[in-house]
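What TrEMBL records for 32-333 is domain 'Plant heme peroxidase family profile'. Sequence annotations record features per position, and here TrEMBL assigns site 'Transition state stabilizer' to Arg69. What TrEMBL lists as active site, proton acceptor is His73. Marked as Ca(2+) 1 binding site by TrEMBL: Asp74, Val77, Gly79, Asp81, Ser83, Glu95. What TrEMBL lists as substrate binding site is Pro170. The feature heme b binding site is assigned by TrEMBL to His200. Residues or ranges marked as Ca(2+) 2 binding site by TrEMBL: Thr201, Asp252, Thr255, Asp260.
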Amino acid sequence: MAKILSLFIIATSLLAFAPILCLSSKTNYYGYLYPQFYDWSCPNAKEIVKSIVAKAVAREARMAASLLRLHFHDCFVKGCDASLLLDSSGTIISEKLSNTNRNSARGFEVIDEIKSALEMECPQTVSCADILALAARDSTVLAGGPSWEVPLGRRDSRDASISGSNNNIPAPNNTFNTILTKFNLKGLDLVDLVALSGSHTIGNARCTSFKQRLYNQSGNNLPDYTLDQSYAAQLSTMCPKFGGDQNLFFLDYVTPTKFDNNYYKNLLASRGLLNSDQILVTKNQATLELVKLYAENNEIFFEQFAKSMVKMGNISPLTGYKGEIRKNCRYMN
């Protein structure tokens, strides 16, 4: 009897630890994401990503914004599944060729370097989708922004959607209602919209993405009346009416490489670069109040940005047996 009781206690103990034992698996059987996903299967994964991102940002400060943007542009198409990273091949037309990404999305070689290092450390274990999520967090921190625990366990898609990339990602010239609808369709709300727009505290935009504000905002050959006139005059010297489309401009001209709340202060001064930024102040009272709050309190902005990034990172991930773990982020296995 004592022997049977002893065996029962051992069996019960093993059951209690079953979830922990399962964590070492390369497959996300649970169907949800959690930060410890690679703690057993690839314990150095986070450090490897962090190290390579740090070197890339040290070489070029702009890279922090570029890597953060890749995560956005991946998640908004059909979920955070690294579809953005696929090159055109066979039946796949790469999302890199979409209007939103062409001559704009960058940092792919940094993701390649991270993937290569991870494949040497733990072959076919860490997904490209998770690399994008980790790199976005690490880039934010390196630029002086908030940190957060990144839920992990995403798998990689076996397809891409150039139409989704063209239609689902909020564009600089979209109306307020269009942008909010695009956020809502991904399970994100008005608070997420204002907080995540704060990522424009770092990075650059091309002349072509705001040129209409300088010369023909409403089809009447007049500039955008919501844009500060002296700021518009400065912009027009490098963004002429004809030509110069690829010229780069800081999204936040005050602290262009520092992740802070100056972006919101610029909006209140009518000095948001993109139309999609400035409409947060001019088109909706609730978003205006949030802009004021974040402009006044950097800590509240940081806290909400971190929450909204986790929420965005949870958009339709592939888990379990869906998708795959790519060996090379540019191609299906």
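Numbering starts at 1 and runs along the chain as displayed.
Glycine too: its Cβ is placed from the backbone N, Cα and C atoms.
Note that TrEMBL annotation is computational and uncurated.
Feature map: TrEMBL annotations on the structure.
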{"residue": "Arg69", "record": "site 'Transition state stabilizer'", "Cβ neighbours (10 Å)": "21"}
{"residue": "His73", "record": "active site, proton acceptor", "Cβ neighbours (10 Å)": "22"}
{"residue": "Asp74", "record": "Ca(2+) 1 binding site", "Cβ neighbours (10 Å)": "28"}
{"residue": "Val77", "record": "Ca(2+) 1 binding site", "Cβ neighbours (10 Å)": "28"}
{"residue": "Gly79", "record": "Ca(2+) 1 binding site", "Cβ neighbours (10 Å)": "20"}
{"residue": "Glu95", "record": "Ca(2+) 1 binding site", "Cβ neighbours (10 Å)": "28"}
{"residue": "His200", "record": "heme b binding site", "Cβ neighbours (10 Å)": "23"}
{"residue": "Thr201", "record": "Ca(2+) 2 binding site", "Cβ neighbours (10 Å)": "28"}
{"residue": "Thr255", "record": "Ca(2+) 2 binding site", "Cβ neighbours (10 Å)": "18"}
{"residue": "Asp260", "record": "Ca(2+) 2 binding site", "Cβ neighbours (10 Å)": "19"}
Revision key, fill the gap. argmin Cα dist to Thr201 (Ca(2+) 2 binding site) over the recorded positions Arg69, His73, Asp74, Asp81, Glu95 returns Arg69
Check your understanding: C-alpha of Thr255 (Ca(2+) 2 binding site) to C-alpha of the residue listed as 'heme b binding site': distance in Å?
Key -> 11
**Study point:** Sorted by sequence, non-Asp74, Val77, Gly79, Asp81, Ser83, Glu95 residues with Cβ within 8 Å of centre, Ca(2+) 1
**Key:** Cys75, Phe76, Lys78, Cys80, Ala82, Leu84, Ser157, Ala160, Ser161, Gly164, Ser165
Exercise for review: Would you mind checking how many other C-beta atoms are within 10 angstroms of the C-beta on Asp81 (Ca(2+) 1 binding site)?
Suggested key: 28
Review point. Which of the binding-site residues Pro170, His200, Asp252, Asp260 has its Cα nearest to the Cα of Asp74 (Ca(2+) 1 binding site)?
Key: Pro170
Study note, to complete from the structure: Close in space but at least six residues away in sequence, with Cβ under 8 Å from that of Ser83 (Ca(2+) 1 binding site), the same-chain residues are Asp74, Val77, Glu95, Ser157, Asp159, Ala160, Ser161
Practice item. Compute the centroid of the Cβ atoms of Thr201, Asp252, Thr255, Asp260, then list the same-chain residues not in that set whose Cβ lies within 8 Å of it, in sequence order, for the Ca(2+) 2 site. Key: Ile202, Val254, Pro256, Lys258, Phe259, Asn261, Asn262, Tyr263
Check your understanding: When the Cα-Cα distance from Pro170 (substrate binding site) is computed for each of the recorded positions His73, Gly79, His200, which gives the smallest value?
Key -> His73
**Study point:** Nonlocal residues around Asp252 (Ca(2+) 2 binding site), in sequence order (Cβ under 8 Å, 6 or more apart)
**Key:** His200, Thr201, Ile202, Asn262, Tyr263, Asn266
Review point. What is the total of other Cβ atoms whose distance to the Cβ of Pro170 (substrate binding site) is within 10 Å?
Key: 18
